[in-house]
Structures are given as structure tokens and as C-alpha cells.
Amino acid sequence: MTTIKTSNLGFPRLGRKREWKKAIENYWAHKIDKAELDQTLTDLHKENLLLQKNYHLDSIPVGDFSLYDHILDTSLLFNIIPERFQGREVNDDLLFDIARGNKEHVASALIKWFNTNYHYIVPEWDNVEPKVEKNTLLERFKYAQSINVNAHPVIVGPITFVKLSKGGHQSFEEKVETLLPLYKEVLQSLVDAGAEYIQIDEPILVTDDSESYEDITRKAYDYFANEGLGKYLVIQTYFERVHLKFLSSLPVGGLGLDLVHDNGYNLKQIEDGDFDQSKALYAGIIDGRNVWAADIEAKKQLIETLQQHTQQLVIQPSSSLLHVPVSLDDETLDESIAEGLSFATEKLDELDALRRLFNDNDLSKYEHYKARYERFQSQSFKNLEYDFESVPTHRKSPFAKRKQLQNQRLNLPDLPTTTIGSFPQTREVRKFRADWKNNRITDAEYQEFLQNEIARWIKIQEDIGLDVLVHGEFERNDMVEFFGEKLQGFLVTKFGWVQSYGSRAVKPPVIYGDVKWTAPLTVKETVYAQSLTDKPVKGMLTGPVTILNWSFERVDVPRKVVQDQIALAIDEEVLALEEAGIKVIQVDEPALREGLPLRSEYHEQYLEDAVHSFKLATSSVHDETQIHTHMCYSQFGQIIHAIHDLDADVISIETSRSHGDLIQDFEDINYDLGIGLGVYDIHSPRIPTEEEITTAINRSLQQIDRSLFWVNPDCGLKTRKENEVKDALTVLVNAVKKKRQESESTTA
């Protein structure tokens, strides 16, 4: 058999303990200057490269490291600058302003990266002049060479980049053709600098409509081949299957395929002879998106199968390791569960174990991982019985009747205002929580602090004039991790951070066993907040679909079973809140859209399961109890009917970063439930104007019945500063008051 090689597609940017995040946020807060930021990030990039080198990879990616987002990096590389930000020097400060907005201009749209919890900044083509502005990819490649790292450059391919863009008068094909000479310039510079191959990521080729743009895809890669570059290119795909016969016909040196999340189709196509054996096969055999250790014996057998179909085999993760934490080294976990886990560095070590086995006949690492996996699998985490049938999955009455009863009970004004749930997690809040978790303060001291913060923010909300209040979620570090800490069947790590967007990091819990509610989770804080005001306070919960999508899910039982187990746990908490007198309960599902499979053949079942789980969690309450939900960052056209089927009394949806595009989705559906379309972007420090909020309200009311419409920010306010929150909410409430006055004067 031929020698196998190992490679990687991308590595986590955050650092073991979020050094990347802290440096960038310190720069934004003017606590460090640009020179210190650059040095910190250079050191971290070097650490990442050398860490990967320790695992004997034949080639290490460079270009995956970023100050914010690799798609935004590509936009700046080719001078695809939003019109409102043009005329400035292309530098890191411009990058941050495009991503976050500033006092003068709104940020660019933020969209989920395929069906992951990562988000990219959408490129904007309106009135742009594409050119190679600053070849940072070449700089990073040369840096890797300078520290003796055998690296391959990584760049998002032209088909994917343009397909993920918006705006401009050119057609999709015209935009691709515009970029081809610029890609050629960058690719040639990398080859001239010594790149043995270039990883060109085209994940868009795994989607349903990829066959509709095969002609322009072929034209693009024929162009590169005619320029003498084809043999240096490896087209990487991930997250799903591809049309392998077409992909194999492209004049490139290699193809990267996901052999984990392809439902077996990529392997079948290889076995059917659709892979061009003159090319290198970059086989994604180690799961790049989940944290479970590989069944290394099964991977050995897979490699043996693949070797029958290629003479150039490179094994790698199924996708960039951006989606998993850095390392288990700093964790102190129950060994019986830790043996079943694998973070980024452990995944690279699994690749090294397989490389040693096949190339050197060295069984030591292989046997180690095989024994660990077998010990973990010998345990049983399926111990509980569930009565799914006894819990209702439909509300007692139709929405019209519920709305009448809720109006009588809540007595809310026209265009009611609220927020999405969380308020600023200040340094003081985080310190008190950390001190409590580390037993540096007593339970009583921590509860006193929480109650003081809740009381302070209840008063702030009342002073501003909001109609439905929230307690602020100061006891929660994350909307999923919090529930993972309290529900049976979850494991929460200390340093298992992954990047969500920009400097925002989340720590997904690990679901390892049966999920069960054992005690109230949120009742104490919510009831205390309600005791301070006559206005309704929302109970704040995270929904079953989001908890599952934002956790590392177990793989030993079907996904639907885990989702419904979580739904039953949330149902218990919903009933506990209702019994405690809470009149409005929000069950957030911001991740419902992101979990939608990339292939439409799987959509119907996914959405059916998601709707069922949400209704399982929310249908036991009385008609008078108002159920809210919230979704964000998404393109909802494909799921608008499922959103309606949730039968939530009120749904709030992020629209600000889409600049109103979402409202068009309501033109084709008679949406007859309560709805709030977020009227300003909380991900930017910029304070909206009354005029902007009024414009957003007016546009929304063109499509939505006024009696159903709510006014709110687009997401929780956890990441904002206190003064930003107060100022923005004051503007929001003032704009609504003027709208109410207009209505009163019109009807007078």
C-alpha cells in the first residue's frame, strides 16, 4: 500500500483560554494599542502553527487564522468593501467597523455558516471596485515558512464566496468572472512563494442547487488550469455530500470530501468509480464538528477501503476544527466520560495514530485509542424511561381565543415593547459568578448580588418605559451552558470554548446521557423579579432544538429522541414558572434555522421534529399564559411555515442586519400570530436613531397586522455596555410612543 499523509483544514482561533478573544476585546476597549494586539495575535498564530506541527501533519493550514472572520478577510483581500465604508484605508480598523458597525454606519449582515453555529460577515457588492488590495494571505504563508512550518494556504473559493454575497447589479456568473483574475493573482503569488498546494474551500458545492452552477464552476477552474494553477489546487468540501463525478472532472490536483456528515454518499460514489484516481483524495474521516473520540478501528477499515480507490490518500478532519475546542489537557473531567472525548488536538493525534499505523506499522497509539474507545462504549448511558405520549403537543385553544384571554390578563398597550432577555454581563457580574463557582463567596452573598442586579435592572426598564420586562439572566453565563449545568445527562467543560461570531465565544455542553429535569432551574430569579413590579416579567428559557443544536450531541441514540428528552425537561420548567405566577414565558429557539440540513430531502423531517419538540415543551400551559419564542441571524424563507406551526403566541425575529430583507418572507404567508421584528442591531455598539427605528416599524407594519406587532431589539443585550443598552432602549421606547401618538391623533 502507498504511504498515507495527514493534513488539517483549519484550527481554532480562540486559544486554549480565549487569549484571542481577550486581546481583540481589549483593543476595542482601548486597553491595548494596535502594536500590542498585533504582537499578541502573532504569538497566538505561531503557537497554533507549532502546536499542529507537533502532531506530524504533512501540511498545516495557514489563512484560517483571522482577526474576526475568514469570509470578511476575503472581502478585504479583493476590496469588496460595503459602499458606506469605502474611501478609507483597508486595514484592521476598517475590518472591525464593517463587522461591528460604528457611530456613522451599520454593520454588515451576519449569517450562519451553513448549518453550524459559526457566523460570517456577508460580502456586499454594491458599487465595489474589486482588486487585490492587500495580500495578507501571502504574508501569513511567508510567516509560516519563516518558523519552519510546512504550510498550505487556505482561501475561500470564488463560487462559495460569491454565492454567500449580496447586492450589486452583476449576475452571479459575472461576479465570479470578475474575481477570477484577482484569484489568479493571489494564487500565483502563493505558488511563486513556494506553496506546494493551495486549499480552496468550496463548501457551497455540497448544497442542493450546486448542479445549477456547475457551468460557471467548470469555467472558473478551467481558467485556473489554463493559467497553470490547476495542479496546485485542492478543492475542499465539507458538511455534506458532493456530485463527485462532476467534481472529479475539474482540472485540479486534489479533492477534499467529508466522509463523516455525508450520510455515506461520498464513500458510495468513490466505490462506484466516480473519483478520478489521478487526483489526490483528501479524506475527511475524523469528525471536525463533534467532540466524540473516533472509532479508530472503523477509521482503519475506512482507510483500507479508500486505498483501493486512490494512490494519493491524505487523511484529515471532516471540516475545519474551528467548530470544536482546542484541547482536553486543561480539563478535569470524569475519566469514564473523558475517555470518549476528542477536541482539536486529540483529533490531530488520532490522525497521527493512523499515520503511524499505516506508514510505520507502529500500533502503540492506535491500540491506545482503540482501548479508550472500547472502554467508553462499554458503559451504558441509556438508563431512563420516558412517557412522551402523556404530554400534550397542542395548546388547548386556537390563537384567537388565547390572544383575547391574554389581552385581558396582561392589558398591554398598542405596539408593546420588550427585550429579548439578557442584560449586560459586566466584569462585576462575571467576577461574582466565578467567585461563587470557585467557593470564594457564599451562596447567600451570591444571591444578594443577583437580587441587587435584578432589582436595579427592573427599575431601569420601568424608568425607560418598557411594557414587558425581563430579569436580565445575570445568573447565566450562556443560554445553553446554563441549562447544561442543571439538567441531568449534560457535561459542562471548563475550557471547551468555540467561536460563534467575531470575539463571541460559547462553551457548548456535552450531552452524554439521558436528559432529565430534576429541580426548578429559573423560577427563583424570575419570581423575585416579578415581585418588584406590576408589569409582567418574562420567564426566560432556551428551547429543545437550540439546546441540542448548541450542544455537542450524543451519537449513541437518535437525535429526535435526545431532542424530545430535552423538550420534556423544558416542559417541566415551563409548568413550574406558570405555577409560580409567571404570565409570560419565552422559550428561545435561535438555532432552529441553523440546524436545517443542507440538503432539502432532509428538511421536512427536521422541521417536523423541531416543531414537535417545541410544542412538546410549550403546550401544557393554560390559554392565559403567553408563550414567546425568539430566533436570530437567519434566512427564514425555507422555514417560514414551520415558524407558524410552532404556534407561539409571540415570536421575535432578528431583522436589523438583514436590512429588512426578512420582511419579504411574510409576503407569501398570512402570518396571524404575534410577532416582533428586531428594530435595531445589538451586535454593534452604535446607538440607533428614532428615525431608523420608526422606519423599521413602518416597513414591518406594511406586512404585519398592527394588533399582532411587538417592538424589540433583535437579540439579547448581554454583550453590550450598560450605557449603550439604556440609550438604545430609550430611543426605541420614544419612537414607539410617537407611533402611538400618531395613531391616537389619526383615530381621534
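Cβ from N, Cα, C; glycine included.
Taking Cβ-Cβ distances under 8 Å and a sequence separation of 6 or more, the neighbours of K21 (5-methyltetrahydropteroyltri-L-glutamate binding site) in its chain are L14, G15, W497, S503, A505. Positions annotated as 5-methyltetrahydropteroyltri-L-glutamate binding site by Swiss-Prot, on the basis of sequence analysis: R18, E19, W20, K21, K112, W550, E594.
Sequence-distant neighbours of S422 (L-homocysteine binding site): residues of the same chain at least 6 apart with a C-beta under 8 Å from its C-beta are V470, G472, E473, R476, M479, M540, G716, L717, K718. Annotation comment: Swiss-Prot describes I420, G421, S422, E473, D588 as L-homocysteine binding site, evidence class sequence analysis.
Taken from Swiss-Prot, the feature Zn(2+) binding site applies to H630, C632, E654, C715, supported by sequence analysis. In the three-state DSSP scheme, H630 (Zn(2+) binding site) falls into the strand class.
Look at H683 (active site, proton donor): DSSP puts it in coil. Look at Swiss-Prot and you will find H683 tagged as active site, proton donor.
Long-range neighbours of W550 (5-methyltetrahydropteroyltri-L-glutamate binding site) (same chain, six or more residues apart, CB within less than 8 Å of its CB): N117, V480, V506, P508, A591. For the pair formed by H630 (Zn(2+) binding site) and E19 (5-methyltetrahydropteroyltri-L-glutamate binding site), distance between Cα atoms is given as 31 Å, rounded to the nearest Å. Note: the L-homocysteine site is recorded as I420, G421, S422, E473, D588; in the same chain, T419, V470, M479, M540, Q586, H630, G716, K718 also have Cβ atoms within 8 Å of that site's Cβ centroid. You'll find the Cα of E19 (5-methyltetrahydropteroyltri-L-glutamate binding site) roughly 28 Å from the Cα of G421 (L-homocysteine binding site).
Cα proximity to H683 (active site, proton donor) (within 10 Å) is found for the following binding-site residues from W20, I420, G421, E594, C632, C715: C715. Over all protein chains present, the Cβ of D588 (L-homocysteine binding site) has 25 other Cβ atoms lying within 10 Å.
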